[in-house]
Amino acid sequence: MIERGKFRSLTLINWNGFFARTFDLDELVTTLSGGNGAGKSTTMAAFVTALIPDLTLLHFRNTTEAGATSGSRDKGLHGKLKAGVCYSMLDTINSRHQRVVVGVRLQQVAGRDRKVDIKPFAIQGLPMSVQPTQLVTETLNERQARVLSLAELKDKLDEMEGVQFKQFNSITDYHSLMFDLGIIARRLRSASDRSKFYRLIEASLYGGISSAITRSLRDYLLPENSGVRKAFQDMEAALRENRLTLEAIRVTQSDRDLFKHLISEATDYVAADYMRHANERRVHLDQALAFRRELYTSRKQLAAEQYKHVDMARELGEHNGAEGSLEADYQAASDHLNLVQTALRQQEKIERYEADLEELQIRLEEQNEVVAEAAEMQDENEARAEAAELEVDELKSQLADYQQALDVQQTRAIQYNQAISALSRAKELCHLPDLTPESAAEWLDTFQAKEQEATEKLLSLEQKMSVAQTAHSQFEQAYQLVAAINGPLARSEAWDVARELLRDGVNQRHLAEQVQPLRMRLSELEQRLREQQEAERLLAEFCKRQGKNFDIDELEALHQELEARIASLSDSVSSASEQRMALRQEQEQLQSRIQHLMRRAPVWLAAQNSLNQLSEQCGEEFTSSQEVTEYLQQLLEREREAIVERDEVGARKNAVDEEIERLSQPGGAEDQRLNALAERFGGVLLSEIYDDVSLEDAPYFSALYGPSRHAIVVPDLSQIAEQLEGLTDCPEDLYLIEGDPQSFDDSVFSVDELEKAVVVKIADRQWRYSRFPSLPIFGRAARENRIESLHAEREVLSERFATLSFDVQKTQRLHQAFSRFIGSHLSVAFEDDPEAEIRRLNGRRVELERALATHESDNQQQRLQFEQAKEGVSALNRLLPRLNLLADETLADRVDEIQERLDEAQEAARFVQQYGNQLAKLEPVVSVLQSDPEQFEQLKEDYAWSQQMQRDARQQAFALAEVVERRAHFSYSDSAEMLSGNSDLNEKLRQRLEQAEAERTRAREALRSHAAQLSQYSQVLASLKSSYDTKKELLNDLQRELQDIGVRADSGAEERARQRRDELHAQLSNNRSRRNQLEKALTFCEAEMENLTRKLRKLERDYHEMREQVVTAKAGWCAVMRMVKDNGVERRLHRRELAYLSADELRSMSDKALGALRLAVADNEHLRDVLRLSEDPKRPERKIQFFVAVYQHLRERIRQDIIRTDDPVEAIEQMEIELSRLTEELTSREQKLAISSRSVANIIRKTIQREQNRIRMLNQGLQSVSFGQVNSVRLNVNVRETHATLLDVLSEQQEQHQDLFNSNRLTFSEALAKLYQRLNPQIDMGQRTPQTIGEELLDYRNYLEMEVEVNRGSDGWLRAESGALSTGEAIGTGMSILVMVVQSWEDEARRLRGKDISPCRLLFLDEAARLDARSIATLFELCERLQMQLIIAAPENISPEKGTTYKLVRKVFQNTEHVHVVGLRGFAPQLPETLPGTQTEDTPSEAS
């Protein structure tokens, strides 16, 4: 018996609490006991990690996380490791006694994600003496050790002889090694397998019934029947391939038009490009010649434009220069006109102001006289008023003093003081210091006499003053007039200067009278001078335009000559238009005819091509439409004969095929129903029994059995008698023979053998004579021989049928071609060649174009000459009337002479205009200038002094009179005399006072009224003086401005200046207009030159490019033509009808064909590449290569042994026959490969029965398992009702659903899925395809339902669910299920693994304290019976008497955490023996 492999130990290196710890594992149960956090789960996690190093699956959670879908970020592994390199290693011994150490190197990855890096490895050939901890650690001293890295471990193991170290990059390779060496029970090929294994371990670890496993027990317990599935898949693949081949043949048969389409599109694609290049080459040659002609024409035009530009530029320069001088002259004329207008306005102002000044001067003189008289009267009134005032004051003083003296005694003293005061004033005024009251009277007379004398002297001086003042005024007036005319001068010179001025004034007045005649004469001469200058300019311009200088005498003769030339050129131009119209009309007619022929030419060419093809196909030459219709009648007769012969051959071929099919039935049964009846009756066909008879014996046995050679041999006829009742589905004659099929012989008949015949004695009264058949078919050898001869005959018939079919098709195609020709081309095929007519008309068109170009050139020259002559006549028409002006050479001198005289006259006119009035005034008073009244000033001084003396004498006389009057105050009389005397005096004084006051009032009134009048007179005088001075000043300013202007302001000056300005403006406008015309013409000429230059450059570039293109295309075209001729495709590519299409139409035709070709050759890499290369427009030869490649490809696609023509289209038609034969063969092959639905159902039923038996065997091992109230555990396997119905229909009712299984569009899997949907319409299939559903239905596991049942207490058999069981019962039941799964995996894997290996069995159980002692004992018993290892963990020792128990205690020593481990073996009668190496604590050492 093969010994089962075992796990020897688990080693943890640098885990949390375990620096270097090796746990020796018991052969049955290893218990880990300890409190919470002691390290039990860490130890199991290390074991699981080494077993399944897949981070996507590992998730170590505590019991509070049970069933959680997510835990901590590191899935519980990162926190169980320490920093640095960590190891988890499993030491195993397999069935071959090979020691294998498998494990993983773990290392924390720095970062927030708390990731762990895992590297699996395996060690083989390690000696038993070497411990795992010695491999991965290096001892530094007694208390220090270092963990080796994986590379160091590899180097260390490489030094050990016979030890193999393997590091794995994939988990699949790691598990593959473990499976091959017997460490795990199942080959884990994929992540799905690893997930199942991990879920099993996880379910074992955490205990209970795992819903993840119970829901998918079929995947865990039932092995995949891959052989059956692969057989189905291979069969379906063969059928699919066969159907695809058939479909491809059908597509090929239906793609005959596609191949024709490929040839047609390839021809269109290449021929269109070929003809386009041919057309372009011809067009490029024509364009190159046209470019060259246009280049020469443009050069001539550019030269003419350049000459024209130089002439216009020169004329424009002259006009620009003339414009500057004209603008200056025009501006000067405008300024002169403005000055003249200004001078005229100034002159008008001066005249107006002079008239105003004369009037003001008269008024001023009159007002001076009035003011002088008023002033004298004012002086008199002032003196009179002053005297009256003094007299009143004196009288008032006297009267007041007298009143005061009368009133009081003191009045005398006041009067005396007043008398003394009056005496003092008199002394002062009269300059008499010795004056006394007594002498006052004498002095009064003296001073009154002096006053009288002064008054008389004043009156005398006043009379003299009046006379002198008149003479002085006349002299000053005359002097001012002379000074105004001549300027400042001495008074003594005034007389002489005045006489000279009067004489000069007479002369100036005479000259001024000549201004107007001179001005009119000058204006006339200037007008003639300007006309002369204009005529000279016109003559110069005419000579310049004519390019020749002409004398004045030659102009009239030239005028007549130009008019004659105009008349002759006009006739030529008018006749040229008619000639040009006739040429153009003929050209248009030719063009229209050519266009009509070009439209007709493609139709004619297509008809000719069709006619040539018909001639080639039938080998006849046709010259008329009647011959074509006659030949068509012959074709119809030939076609009918060929069809009759083809149908006869086809009927014979079908008969041979039916015979071959009948002879090809398995077992020699010619009727399929015989096989079904033989199976039904439990017998064997007689033909099967004699299937191995030799070919030589076949005639004998065929004659021996005769009609009964298709009998069924059954063991007992009596047993099938009942089955014969009501039998209808059978041949008309059914022979049944009783006998043992294994030892059957021919002893049932009595037979006599004759020559090539036998006599069979069926009964005493019935014999049968049968001759040996010439073609026996009894026995496999005879049938095969007959089938072989039939196949040979069938090949001959097929070939003949194909030939006849091809001939018929060829005749039909030819008939169709004739019909198409008659319908489309017969009306034009036998007409004249339009291309020859086009060539003739093109020659005539070229001649017309050349004649038209010559005519246009001549006509243009005549038009130019005509325009030049008309322009010359127009210029002469303006010049001839001015010939007399051109001949007048003294005109300019006369103008200068008159201009000088006019200047003198205008100067005199200005003098007369300025000083004429002064001279007129001076003439009557010039005589007063002879004597100068110089004494007038002295007289005025004497008069003023006399007036002052008279005023002083009057005051002195008045003062002395007052003293005399107060003389009484100096001595008083007595009171009475004083009163009487005073009374008289008072009365007198009062009367005198009244008279004096009245006089004073009158004097005041007169003075006041005369003062107001004097003030009024003075204001008027001041106003007149101010106005006079202002206007005088303005007049002086105007005269100065007029002198500054320097222009003669006469009556005709403005008209002449305006006329001159207008003439210059007209000249300037004409000059500018001509300049603008020249500038526009010059701009147009420059633009034309620039356009011509650009055009010339473009033409040169285009010509060179076109020439290079022509040269390059010539080389490429030669290569294309050489390739075309070498491959013999010129006839197919040179399609003349395409020559009449435009390049765009040909390019469009080629592009459309290219698009169709891309689709057509998409599946052919070679043609696709050649087509892609042919798309290069610069390499036209590649299109030829593609065309040749298409024809070569079509030739290669057709079998060479049946090709009878070089035309691939005809060869494709011949291939139709071969494809038809292949279709028939593949159809028969598909019938042979067809899957029987009944056989499928039988296979699935047998597989289900086998697996049900295997599950029953597994249940026998679980009958004695009990946990708590659970007495037994079993697996219940049932077939689903829907799938059972499907199997029944497949077995018994398949005929009802043959529409699915006989469909060529559905595979068997798809048909099966459709049948399932038809039987179960209530089931939603979701998004799955019928193929997927069918493949699932071919898997027997999908037909089964599995569930776990437990026999619990009084409830009997119940479905195992966690809610119906206690925790311990659920753990035990789940463990039982897991043991079944492991055992099932081992059974499934025996055929994959070596027969000499029994894999390790190990499960886990965490928190085992939830089981009672009986359940624990059951587990121990189950492990012992199944040779399974179990690792359990519990807070305390569960069953230390069995297996191996480890006590784990986590301690902290010097801030270092470690786990203290003590291990004990199971109890025995002897004292318990401590396991080696576990008595000391596992004190961790610091890694160096």
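Each Cβ is built from the backbone N, Cα and C atoms, and glycine gets one as well.
As annotated by Swiss-Prot, ATP binding site applies to GLY34, GLY35, ASN36, GLY37, ALA38, GLY39, LYS40, SER41. A C-beta separation below 8 Å, combined with a sequence spacing of at least six in one chain, links LYS40 (ATP binding site) to LEU32, SER33, GLY34, ASP1406, ALA1433, ALA1434, LEU1448.
Under the heading coiled coil, Swiss-Prot lists 326-418 (among others).
Summarising the annotation, Swiss-Prot assigns coiled coil to 444-472 (among others).
Sequence annotations record features per position, and here Swiss-Prot assigns coiled coil to 509-602 (among others).
In this model, the coiled coil (835-923) carries an average pLDDT of 80. If you look up Swiss-Prot, you'll see 835-923 (among others) marked as coiled coil.
Positions annotated as coiled coil by Swiss-Prot: 977-1116 (among others).
What Swiss-Prot lists as coiled coil is 1209-1265 (among others).
Among the features that Swiss-Prot reports, compositional bias 'Basic and acidic residues' is placed at 1051-1065.
Residues or ranges marked as region 'Flexible hinge' in Swiss-Prot: 666-783.
Note on the region 'Disordered' (1049-1074): residues 319, 322-323, 326-327, 329-330, 333-334, 336-337, 340-341, 343-344, 346-347, 515-516, 519-520, 523, 526, 530, 534, 906, 909-910, 1042 of its chain, located 6 or more positions outside it, place their CB under 8 angstroms from a CB of the stretch. The region 'Disordered' feature in Swiss-Prot is assigned to 1049-1074.
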Work out the three-state DSSP category of SER41 (ATP binding site).
helix
What other residues of this chain sit with their CB within 8 A of the center of the CB atoms of GLY34, GLY35, ASN36, GLY37, ALA38, GLY39, LYS40, SER41, the recorded ATP site?
THR42, ALA1433, PRO1435, LEU1448, ARG1450
As a test: from 326-418, 509-602, 977-1116, pick the stretch that has the greatest number of Cβ pairs under 8 Å with the coiled coil (835-923).
509-602
Using all protein chains shown, find which of the binding-site residues ASN36, SER41 scores highest when you count other CB atoms within 10 A of its CB.
SER41
Cβ packing number for GLY35 (ATP binding site), 10 Å threshold:
12
Select the most exposed residue of GLY37, GLY39, where exposure means the fewest other Cβ atoms within 10 Å, treating these as the binding-site residues.
GLY37
ASN36 (ATP binding site): secondary structure state under DSSP, collapsed to three categories:
coil
What number of additional C-beta atoms lies within 10 angstroms of the C-beta atom of ALA38 (ATP binding site)?
23
